[in-house]
Amino acid sequence: MKVEFAPLNIQLARRLQTVAVLQWVLKYLLLGPMSIGITVMLIIHNYLFLYIPYLMWLYFDWHTPERGGRRSSWIKNWTLWKHFKDYFPIHLIKTQDLDPSHNYIFGFHPHGIMAVGAFGNFSVNYSDFKDLFPGFTSYLHVLPLWFWCPVFREYVMSVGLVSVSKKSVSYMVSKEGGGNISVIVLGGAKESLDAHPGKFTLFIRQRKGFVKIALTHGASLVPVVSFGENELFKQTDNPEGSWIRTVQNKLQKIMGFALPLFHARGVFQYNFGLMTYRKAIHTVVGRPIPVRQTLNPTQEQIEELHQTYMEELRKLFEEHKGKYGIPEHETLVLK
């Protein structure tokens, strides 16, 4: 296979964009395990003066990710994130105004390999979110295990991430006076195993917890489709029933997160590596589904609202797919 190298005379702006995405990918993949490893080494080598104060801090701070987190405007405003956004580039599209006196749950689809569009649009401060949705604060919910990693948890909270636990989502959408948007990548880790270019498979039919929370607190539901998310990486073929998929499913059940076998490009060549491809991401925010507060929703009410959500999600995809290069015959597969 002939290796296609990146040209040497690339503009500085593009080099900065590459650096911004590279650091994000490396942090996404390595910072959590590294922080655990460093903590273990400190304990093994008896650096009490370092790890004892931090473990005490963890004890008192353990539930912060379920109470809105601890974001840092300074970190969220790093110029680094502008270069990150411009690399793809990432776009946010609004289809309807939202009322800032209410709280909302955004269902983000698809997960892709790393949910790049969710992070770029709803976590750091260089998307058009503040202009499109004035009066709102967005909170991107991620797996609770992200907050089990010492030090790493402080970093992910600083960029606005919070836990996706029931307690955390309920806390955000029960805010008096509204103005909160909880962004949940509903397909989760399981959906990343179906993140193949040109495919639109969403794991949603069994995801009903967000519907119950919406009913309990009267939070409106909003489907969000991120076109281009599945084009950022290539993944090893892993159809249902294959030995690769069987192993991946078992590991996902054991560990709580998936291990897709993916690749894209490198820093200095375009053939192989863990850098994402330069593919545009268009994240389209759909119409809100009004939800009447029901403190003790029945299963029938949950099923009805869940069905309405899936119908609105499908409509959103069909209405906008042509604008972003999706063939007319392609449709969503809801699992």
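The backbone N, Cα and C atoms fix where each Cβ goes, glycine too.
According to Swiss-Prot, the feature transmembrane segment maps to 18-38 (among others).
Per Swiss-Prot, the feature transmembrane segment maps to 40-60 (among others); the stated evidence is sequence analysis.
Packing around ASN121 (N-linked glycosylation site) is summarised by its Cβ count: 28 other Cβ atoms lie within 10 angstroms of its Cβ, all protein chains included. The feature N-linked glycosylation site is assigned by Swiss-Prot to ASN121 (among others).
Residues or ranges marked as N-linked glycosylation site by Swiss-Prot: ASN125 (among others). Under the DSSP three-state reduction, ASN125 (N-linked glycosylation site) is assigned to coil, being neither helix nor strand. Listed in sequence order, the residues of the same chain lying 6 or more apart from ASN125 (N-linked glycosylation site) and placing their CB within less than 8 Å of its CB are SER73, LYS76, ASN77, TRP81.
The transmembrane segment annotation in Swiss-Prot covers 132-152 (among others) and rests on sequence analysis.
The N-linked glycosylation site annotation in Swiss-Prot covers ASN180 (among others). Around ASN180 (N-linked glycosylation site), taking its Cβ as the centre, 21 other Cβ atoms fall within 10 Å, counting all chains.
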Secondary structure of ASN180 (N-linked glycosylation site) (DSSP, helix/strand/coil): strand
